[in-house]
Amino acid sequence: MRSNYLFTSESVSEGHPDKVADQISDAIVDLYLSRDPEARVACETLVTTQRIIIGGEVRSAVPVSEEEIEKTVRETVREIGYEQTGFDWRTAEFANHLHAQSADIAQGVDAGEDKDEGAGDQGIMFGFATDETPDYMPATLYYAHRILERLAEDRHQKKVDFLEPDAKSQVTLVYENGVPVRASALVLSTQHSPALSSKEGQAKLRDYVKSVYEDVLPKGWMPDDKAIFVNPTGLFEIGGPDGDAGLTGRKIIVDTYGGAAPHGGGAFSGKDPTKVDRSAAYVARYLAKNIVAAGLAKKVTIQLSYAIGVSEPLSLYVDTHGTGTVDEAKIEEVLPKLIRLTPKGIRTHLKLNKPIYKPSAAYGHFGRKADGDFFPWEKLDLVDKLKAAFA
């Protein structure tokens with residue numbers, strides 16, 4: 001395992017077109033779950049210039065009206081902050097193509113008198129945790145998220161008047177002996193108002209971004225000025241869905257571990273928690289984080305796999321990357337004794353049948369604060385049980 005290297009992760013803001021789509025899709029998931037905790041939802045979203053299109057499959061014991069769906073979609077876009085000529089929450093055309101879930105899928109997934117609830121699809125899902133940040137996340141992604149959250153905070157609180165919603169960040173860190181010690185390059189592109197179109201305006205933006213870097217990064221981590229790139233292509237006035245079309249599920253590395261861990265390929269947003277693409281990835285993160293917090297490893301990757309219609313996972317794999325203090329096979333043996341890794345077992349343990357998903361659709365699904373019903377997969381309530389299992 002290498003100990004001295006450079007590593008890079010990127011993040012995108014809540015106003016990035018793909019994230020706009022993710023937030024709309026998860027707002028629809030939350031809307032249905034708020035009416036029926038057992039609702040089935042698979043909602044995809046396309047956003048482009050003055051158009052919002054949703055489609056997919058739903059099943060709910062409580063009907064949700066077309067008007068409620070449209071109101072939820074427009075409110076989501078309003079909260080992000082889009083009131084631009086090319087994309088305005090009030091006037092964008094909206095089309096709803098949601099329809100009933102396939103009966104073929106339902107018969108294989110639903111629980112019956114003689115069987116447990118099956119997985120909603122086949123697939124592989126990964127969880128990861130590392131001790132390099134307090135949130136047990138890769139430092140590169142942690143800081144990439146925090147930088148953009150700071151920009152959004154300043155924009156929403158009107159601390160600055162020149163930022164628009166669309167932005168991207170990228171952080172390259174120097175690792176020495178496996179520990180991040182400083183940044184070697186920082187990249188940020190942010191949509192801005194026409195007021196910054198002049199050379200002086202671009203200099204003002206650069207100074208502002210540098211001040212954010214200095215506040216967010218640990219002291220002494222700033223790279224050379226020539227390695228700080230702010231809007232490197234020049235002006236960025238046309239952005240959001242007007243500049244690029246956005247689709248649900250296209251930022252899966254931003255959503256997870258910034259490239260520091262494998263990804264099974266399944267996106268999260270727009271899916272109710274019976275879909276193991278989402279719930280199994282959440283429980284894999286939950287297990288990985290608790291393993292590291294319990295001191296059983298400094299870094300761990302977990303893989304789960306499922307077959308559609310089958311409740312129990314087909315495989316469970318644990319890799320501590322040479323940092324473990326206990327045998328990996330023993331961890332694999334212990335984990336299913338602490339939590340049932342069936343779709344229903346996961347949803348029950350983590351209490352996932354609630355309208356809690358829209359906040360996860362921007363700035364990462366992992367490394368967030370478990371707060372009330374939100375982000376329950378970030379809780380550390382297995383630590384004592386894991387320690388006891390290896391005492």
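Start at 1 and count along the chain as shown; that gives each residue its number.
Even glycines carry a Cβ here, placed using N, Cα and C.
Copied over from Swiss-Prot, here are the features:
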type: BINDING; residues: His16, Asp166, Ala167, Lys168, Asp244, Arg250, Lys251, Ala267, Lys271; note: ATP binding site
type: BINDING; residues: Asp18; note: Mg(2+) binding site
type: BINDING; residues: Glu44; note: K(+) binding site
type: BINDING; residues: Glu57, Gln101, Asp244, Lys275; note: L-methionine binding site
type: REGION; residues: 101-111; note: region 'Flexible loop'
Lys271 (ATP binding site): secondary structure state under DSSP, collapsed to three categories:
strand
Listed binding-site residues are Gln101, Asp244, Lys251, Lys271; which of them have CA atoms within 10 A of the CA of Glu44 (K(+) binding site)?
Lys271
Whole-number answer please: how many Å between the C-alpha atoms of Lys275 (L-methionine binding site) and Lys251 (ATP binding site)?
18
Of the binding-site residues Asp18, Asp244, Lys251, Lys271, which sits closest to Gln101 (L-methionine binding site) by Cα distance?
Lys271
Starting from each candidate's C-beta and looking 10 angstroms out, tell me which of the binding-site residues Glu44, Glu57, Asp244 has the most other C-beta atoms.
Glu44
What is the separation, in Å, between the Cα atoms of Asp244 (ATP binding site) and Asp18 (Mg(2+) binding site)?
9
Record lists His16, Asp166, Ala167, Lys168, Asp244, Arg250, Lys251, Ala267, Lys271 as binding ATP; longest Cα-Cα distance in Å?
25
How long is the line from the C-alpha of His16 (ATP binding site) to the C-alpha of Glu57 (L-methionine binding site), rounded to the nearest angstrom?
25
Protein Cβ atoms within 10 Å of Lys271 (ATP binding site), excluding its own:
27
How big is the gap, in Å, between the Cα of Asp18 (Mg(2+) binding site) and that of Lys251 (ATP binding site), rounded to a whole number?
7
Counting other CB atoms within 10 A of each CB, which of the binding-site residues His16, Lys275 comes out lowest?
Lys275
Near Ala167 (ATP binding site), which residues of its chain come within a Cβ-Cβ distance under 8 Å, counting only those 6 or more away in sequence?
Val12, Ser13, Gly15, His16, Leu148, Leu151, Ala152, Leu188, Ser189, Thr190, Gln191
Distance [Cα-Cα, Å, rounded] between Lys271 (ATP binding site) and Glu57 (L-methionine binding site):
10
Have a look at the binding-site residues (Asp18, Gln101, Lys251) and report the one with the fewest Cβ neighbours inside 10 Å.
Gln101
Helix, strand or coil by DSSP: which one applies to Glu57 (L-methionine binding site)?
strand
